[in-house]
Each structure stands twice: as C-alpha cells, then as structure tokens.
C-alpha cells in the first residue's frame, strides 16, 4: 500500500520528481561550467608547458600590439627569439620569417566580415608571419597546419584575442621539439588577422602551404571560460576530435550553423583555410564579449585554467593527428557537414548531417504510423477516454494563453531594462521559464476541476509530439535545402524521439488497462474504481446525496475517493456536477505507474538538452546587443527558448503540488523583478563604446541606454569638454545605437623634431593624363598618386564615380625620394563590369613614408564627351593605432634660449577618455585604428 502510494501519479510524487530533475540539471550546469577550473595539469610536462605559456602570455600582452604599431614588431621579435630557443637543438625544425624575406602580395579579397558585400577590394599586404616546419618521420603524409595570430586590436592587450592561441602554439612547438611527429607540422604565427585575415591569406604564397591538408586554428572571440570547438569542416574531422579530445571536450554544431547561416557576423582565419580546401578545426574562446577588444582583455581578467583548456585541447588533437598515418585517419572520408555536441564535458558525439537527415526522414514516417496505429486501437476499445470532453483542446488553449503572457513579460523587460541580458540572461530566462510552467499549471488545473480527465498527460504528450513533428519536418527540409549545413537542429530530433516514444507508450498502457465506460443516470462524476461496480454506484450516490455510509464492507477502503485519487484536480477536493460519463471498471492487471516511464522519458533529458542548447546560444549572443543593437532578435530567442525549455513539463503541470507551485512562483516573480531592476552595466559587465578620431573630430558610438544619456553624460564630464566648452552633437545611427561627436585635441602621433612643420599625411598627384592632348580619346586614362604619411602602416583608397571602369592598379612603397627602393606590384581587373571599389594598403616599414599608387581606367566613349564624364574621385584614409607611448616634440625656446623638449600623449582625446570614463564603461576601437586622417580629390 505504501509503495503504491509513493509511485502513483499524485501531486506529491510528481512535485518531488520534478524538483529532483531541476536540481540535477542545476548541478550538471554548475559542474560543466566550473570543472575546467579544477583540471590543471599534474604531470611534469603539462606543468612546465603551462608555466612557460603563462610567462609568454605576460611578456606578449603587456601592451596593445596592433599591426599598425611598433609594439607589433616587438612581439614579432620576441616570438622569433622564443622559437629559436625552443628548436635550438631540434634537427628536424626549420624557421621562415616573412619579415626577413620581404613577403608581400597584391590580391583581390571579398569582405571577410560581411558576406553580403559585393564590393571589389584589392589588398596590398606586407607580411611578418613567422613559420616553423617540423619535418615528420614520414614525409609522404600531408602536413598539419597549426595557426594563431599575434596582432591585437589598437584598444586591446590581446590576451585572449589571440595571445592564448599564440602561447598555446609555442607550447605545442615545445612538445614536438622533443619528439619528432610522424606527420610534418607547420606552425603559422601570423600577423594582421584583425583587419582582413591577411596573415592567413598570404600563408598560401609560401611553399610550405602546398603540402598542408589539415589545420587547427586557435582564436579568441571572448576573453575567457572554455575553448569551444566552434566549427569543423566535415564529419571525419569531427570524429577525429571525438577520438582525440578525451579530457573536457567542448563543442556544439549549433555554433557551426550560426557561421553557416551568417547569424555570427565575425570571422576567423578558419574561413581562409577552409576556402583553400583544407580540413580542420576552429577552436576559440567565445565569451564574455563585453571585454573583448578592450583594454580589459588583459592578464588580470584571464586565468591559467582557461589557458590550459585551450592548450590541452589543442595538444590532445594535434598529438592524435601527428602520430597517425592517412590509413589510421580513415581511407573513406566523410566530407559532409558534421552534427556534434558534448555531454557536460564528459563525452563527445559526432554524426554526419546527411545521416541525421535520413534519421529524421525515418522518424517522420515511422513514428506517426505507430502513433496512428496505437491511437486507432485505443479509439476502438476505449474511445470515451480519448474523446472525453475538451481534453484535446486543453493544452493548446493553455499554451497559447501562457505564451501570450510570456511575450508581454518579455516586452516589459525589454522596455524597462533592455540591456540586462548583456549582464545576466539567466535571471530573465529562469523567470520566464517558471512563469510559463506555473501559468500552464493553473490553467490546466482549472480545466481538470471543470472536467476531470482519465489520462490527460498521454494526450498532451502526443500533442507535443505532433508539434515537434511539424518543427522537425520543417527543419529537415531546411537541412536538405541548405546543403546539410543546418547542423544545429539535432535537439529537435532528440526531443521528437522521446516525445513520440513516450506518447506511444502511453497509448499502449491505455490499451492494456481495459477500461469500461457506463452511464450514471443520477450524476456525471468521474471515478476510477476496481471491479466492485455495485459498491461504487452506491458510494457515488451517497456522495451526491450528501451521506457517508460507514457501514460498507472493508473492500470499500481500497476504492479511491476524490480526496486521494491521483487524477483529482489540483485546486479543490470538492465534487462538482460534470456532464460526462462515469468510468466504472478498470482492470487491476495494469497499475497506474505508466506516468513514471513517460515522465522519465520526456522531462529530464529533453529539459536538459533544450536548456543547454539555449544557454549556449544566449552565451554567444547576449552581449552582441552592444555591437549590433538588435534587441528584438536576442529577446525573441529568450522568449522562444523559455517556452521550449518548459514544454517537456507541460503534460504533468496540472499535478504540480501546492508547495512546489508556490516555490516556482516565488522564484519566477523574484527573477523577473530583479531583471527589471538590476543595473545592466557594472565594472565586471560594462557597456562598450567605440572610439575614433577622424581628423580633428572625435566620434564615439555605442548602444542607446534606457535613459539615452550615458554616452553624452560621459563625454560632457570630460575635463577638456568642460574646460573649452566644446559642443557635443549626438545622432541616432539605428533605433538602439547612436554616435556623438565633439572637437578633439590635436594628436601627436610621431616624434617631431620640427614642431608644427611636419605634415602627418599628404596626397600628391604625380601624374594624370585625363586632360592631356597627347592621349587618344580611346586610350585608357592613367594617373599616379603619392600618399605621404609619417610612421604609418595602413591606408585605404576608395574610388567613386567611374570606379567600375578601373582596369588596373599598381602599388609601390618608397623610402624618401628613392623610387628604386621598391618593386611595383600590379593587379589587373579581368571582369570589365566590376572595376575596383577599394584599395587597401598594409606596409611594414615605418621609415618608408610613401605609397605610390598607379591607376588605369577606361574613358567613356560617347559622341558628345564632356570632361567630367571621365573623372575618377578618390578618397584616401590613413590609420594610426598606437597610443601608449609618449611622443617627443622639439621646439624653439625663448629668444636666446635653447631647444624645448616636451612629451605628449600620442592621442590625448583617447587617453582622456580612458582616464575619466565611468568604471562601468569600456572603450574599443571603431575602425582599423584610433586615429583616421582623410583627404579627397578628383583625378
């Protein structure tokens, strides 16, 4: 009797089990997020590798080191020396330094950060990549490339992006310098990833690239946590990761689909290697993004456990690949996209997306057939159970009503505290999830009070199964339509399997319960009884008439009443007059424990899977609202996700007990109220503004806060703005972002021996034969422009009207007036319709102070040709990104005095903002540099 009472479908039993499920999910989540922190190496090699890597990280990242800075050269030299020390006694290792070999190229490149862009871009790039080749014991095997970039953004020390990747490569180099690998390894310590993935692109100009087949790219798009397998090229490479990374695997193909479908706007060197036909892995830190590309991406915000997770993951993977031959890696390669995920960091699953497609097809056909077959049997023998009252409409009405309230609550949060998700998305997620569950519990309980049902949970499970069938059918079609690249749909497959299986099991139990239905002429109460028909009829009549006959025999004690029946409504124990049939007979052969099987099938794993998937997505996108300002997309994910997490619980929601219901209600209200009241930005979770000084104007952009004054208030509080009474002008960029502009302080970008006489940038036309009488009207127009810049590495040239008629550009870099100091590189346009929109210039030598750009374009061939028809407007923009060192300026002293030496901040306006900004604000660069000087002209 006690056993039966515990495991029957009662409020207490259900509540305890549901609480246990939520508690276990919370524990698993906590373990998954923190276990890596307690997994530091204990073996001597691992300890040494980590200690050396941490010291390297400290040495590399003590200052910002973008490609445009002199500090970038210091990092290059440090790496070159460290590599030389590591491989000093390694006979099978060889170094190639692009800086020393003057590696450079002029090539066409699509905008790597905007896949929809159709702009024709030509890139001139001088490389300072450092390459190391470790010859394998078997030279026949294709090489493995290990890659990371050592440049940072101008506003960041680059600890995670990508210092950890670089020092992990040094650690791998140290490991393989002691044991020669079977397969040749090529290390690419590349430069200038941040503004075009250029170091990875020019790698393919090197002879060592010709034998490479596999690659591992190490990257950072957040500043800590665990290093995730963002994406991998195919199923075979996913299985290699599965077979090699046994300690703390972490990856999910949901992120891979995000890249495939361009939900993730940024890019890494992985894209370059993949486009060149290599096969490999993109391993990266991905959160938090609010400190990413800021001065806070520093040692102080990093940790050895985070570094070790990337280092150890890449070590496991590279050792596995390096020691296996092609046969061991698999002669039959599956090149289809992979579906993969880890289970709380304990194991890793990988299957082909094509296989998932056929699994889905089979499920979409077979499962409905089984369900329809079982349903028809239930309908034939126990039709009254599944056809009773409004049982089929309860869940849709309840879910839609609750969903409407969830949407309203979500909009309320977005209105009152829109950027709370940037700080904490778990609070609103938990609040909305429990709100949806409790609302459904109240509504479904009300339905049960009005019209008691025999087995609502089975009907509800099958309704949810049908919903997942529709979703899965659509996602399967999208999977096929997108060339099997929708690799993040596997949660719907798994949820449909468990829902359909549980629903069919419920139908089986209904079949074998052998329930008979007869009419009760005096009342229409539903009562579930044993075989004592006459006893029950008498008892029900007594209840209806308000009598309690205690003289019945002892058998009546085993008959369930409204007070203790597991199918009794939640809100009341009273007996209502309900117009429906009375169930009078149920076989004792099947006990009412089927709910446990259905619950364990439906709730625990589905809830954990859906929560884990949503948490991964929100972890990646919650702080992108500061970059894109797209609040609607992120809140839409939050609302839909909270509903999805709740769905597995809905069939059992009407049995949630009073105490658990109150607890969930209290938690929900508390989380939602805190979400609306909590400050969205703190010192550890700051708001990010982006800085750029364009000529003499400072432009700072950022998201629009609730009071719309944070950006303006910060600028108005700057000493220079108050002292000089500078006018601050702000305008809206999008609905959720704005840009403010004010007069900046003069920059001091270079050491100046002749104060006020040195021009930082000057554009001079050396040649232009557009109006020359010696040129035939049908001949191409040629022009040559010199861009004179001081201590500069990066300029862009934009072409305006008639840019589609440009047929050729050539670039040379000269030092002083020596035109023979550089060989010109030429690029010809083959497609007559495209022309050239933009020419990007990236040079290494600071002392080479001139870019010479030659341009050739076709004239407009018309009968009445006006002079203006053939003009070519150009705009030149040059960038500087170094600010931490002071500049020295020398001027004349007073009459009869000597020279006056003064020290200045290179970019005073930027230094001022870093000094006086609020603690809950961080600053990032807006473009390639912190300062941009521009000049326009017409050729």
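Cβ coordinates are placed from backbone N, Cα and C, and glycine is handled just like the others.
Small disclaimer: the values here were computed from a predicted structure and weren't measured.
Cross-referencing 496-517, 518-539, 540-561 with Swiss-Prot places the feature region 'Disordered' at 540-561. Per Swiss-Prot, the residue annotated N-linked glycosylation site among 449, 810 is 810. Swiss-Prot lists transmembrane segment for one of the ranges 425-445, 614-634, 698-718, namely 425-445. By the Cβ criterion (distance under 8 Å, sequence gap of 6 or more), the transmembrane segment (389-409) is not counted as touching the transmembrane segment (589-609), fewer than 3 such pairs being found.
In terms of C-alpha distance, the listed binding-site residues 149, 161, 219 place 161 closest to residue 293 (Zn(2+) 2 binding site).
Using a 10 Å Cβ-Cβ cutoff, residue 194 (Zn(2+) 2 binding site) registers 24 neighbours.
For the pair formed by residue 194 (Zn(2+) 2 binding site) and residue 161 (Zn(2+) 1 binding site), distance between Cα atoms is given as 9 Å, rounded to the nearest Å. Under the criterion of 3 or more C-beta pairs below 8 Å, with sequence separation of 6 or more, the transmembrane segment (357-377) and the transmembrane segment (637-657) do not qualify as touching, having fewer than 3 such pairs. Other Cβ atoms within 10 Å of the Cβ of residue 219 (Zn(2+) 1 binding site), summed over all protein chains shown, number 26. With respect to Cβ neighbours within 10 Å, the binding-site residues 149, 293 differ, and 293 shows the lowest count. Look at residue 293 (Zn(2+) 2 binding site): DSSP puts it in coil.
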